[in-house]
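One structure is given below, encoded as structure tokens.
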Amino acid sequence: MTIALGRFSKEENDLFDIMDDWLRRDRFVFVGWSGLLLFPCAYFALGGWFTGTTFVTSWYTHGLASSYLEGCNFLTAAVSTPANSLAHSLLLLWGPEAQGDFTRWCQLGGLWTFVALHGAFGLIGFMLRQFELARSVQLRPYNAIAFSAPIAVFVSVFLIYPLGQSGWFFAPSFGVAAIFRFILFFQGFHNWTLNPFHMMGVAGVLGAALLCAIHGATVENTLFEDGDGANTFRAFNPTQAEETYSMVTANRFWSQIFGVAFSNKRWLHFFMLFVPVTGLWMSALGVVGLALNLRAYDFVSQEIRAAEDPEFETFYTKNILLNEGIRAWMAAQDQPHENLIFPEEVLPRGNAL
């Protein structure tokens, strides 16, 4: 009896193996299978944004100037959302709205849907890139899990919220001042700052900043001296194998400061991961609620008492009046197609007027 020893070999010219070998080859910039999604989508999203902010007006969608060509600067230029009348149309270049006319497509706001969708898939591609690389070098996938938080915020704000409203028109435009205007809109129409999910998001982001500052300062404070350089960057060898800071010293320091301290690095770093990621996830969940017009906290008893008693006022009732003012002024400006006209007596007036 003859026994053949060896490994079963597939056909040499297997297309998948050829692609896999080329995509995952060790090179300066890793491509990978995720790169097939990431690089084209990121290229188109950034290219669309630069094109829109440089050349394309928002006159036909918002009645605004929004490009460098019209005199805007980096803070005021934007790729603006399509008109409200276009509802949730994908605004494909070859669709019934633009009918293949690139100029008309830009005028209708087609670049916004182009940037939003390619941007979302580009971010997802970047997360998959982290999964793929982590698997290749046998790391756990916590980087990718952490990056899911900003993806959740992007998708909820730019896609899910306008899908719950009457159209893409109510999403943020892609620009600095445009995002600020959207924040004011969220406050006036949804009382967003009093929403518990927003509160959790703020706690997560600011808490993460505090943790990051404390952690960096503590590590710097407890570094061992192993060189004669004048400063941190010259005194330490970045390629040394051993740790160069003292967890024990750091633990004792914070135990004396607060009475409690992290006892091991895994729990410390997991907490630094957990705080911002959970905060962003909660914030994204809150925006999904706003898409369905769920309300924030309402303290109706205070509103009723403030309406009946001119001497009773709280910071809450003052903010409610401010929100009414935002709605009254913003609705007419933001939605000129609705021909909203508010009588002078219903517009809020400051004490100086």
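Just so you know, glycine gets a Cβ as well, placed from its N, Cα and C.
Taken from Swiss-Prot as is:
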type     : residues       : note
BINDING  : HIS118         : chlorophyll a ChlzD2 binding site
BINDING  : GLN130, ASN143 : pheophytin a binding site
BINDING  : HIS198         : chlorophyll a PD2 binding site
BINDING  : HIS215, HIS269 : Fe cation binding site
BINDING  : HIS215, PHE262 : plastoquinone binding site
MOD_RES  : THR2           : phosphothreonine
MOD_RES  : THR2           : N-acetylthreonine
TRANSMEM : 41-61          : transmembrane segment
TRANSMEM : 125-141        : transmembrane segment
TRANSMEM : 153-166        : transmembrane segment
TRANSMEM : 208-228        : transmembrane segment
TRANSMEM : 279-295        : transmembrane segment
Listed in sequence order, the residues of the same chain lying six or more positions from HIS269 (Fe cation binding site) whose CB sits under 8 Å from its CB are none
Cβ contacts within 10 Å for PHE262 (plastoquinone binding site), all chains included, total 19
Long-range Cβ list for HIS198 (chlorophyll a PD2 binding site), cut-off under 8 Å, min separation 6+ in sequence, same chain only, gives TRP192, SER283, GLY286, ALA296
Least surrounded, by Cβ count within 10 Å, of the binding-site residues HIS118, HIS215 is HIS215
If you rank the binding-site residues GLN130, ASN143 by how many other Cβ atoms lie within 10 Å of their Cβ, the lowest count goes to ASN143
Here the Cα-Cα span from HIS118 (chlorophyll a ChlzD2 binding site) to GLN130 (pheophytin a binding site), rounded to a whole number of angstrom, reaches 18
Rounded Cα distance in angstrom between GLN130 (pheophytin a binding site) and PHE262 (plastoquinone binding site) is 28
Sequence-distant contacts of the transmembrane segment (41-61), meaning Cβ under 8 Å and at least 6 residues beyond its ends, amount to 67-70, 72, 77-83, 106-109, 111-112, 114-115, 118-119, 121-122, 125-126, 169, 173-175
Between the C-alpha atoms of ASN143 (pheophytin a binding site) and PHE262 (plastoquinone binding site), the distance in angstrom, to the nearest integer, is 22
Once DSSP output is merged into helix, strand and coil, PHE262 (plastoquinone binding site) belongs to coil
Under 8 Å Cβ-Cβ from the transmembrane segment (153-166), and at least six residues away from its ends along the same chain, one finds 81, 84, 87-88, 116, 119-120, 123, 172, 280, 283-285, 287-288, 290-293
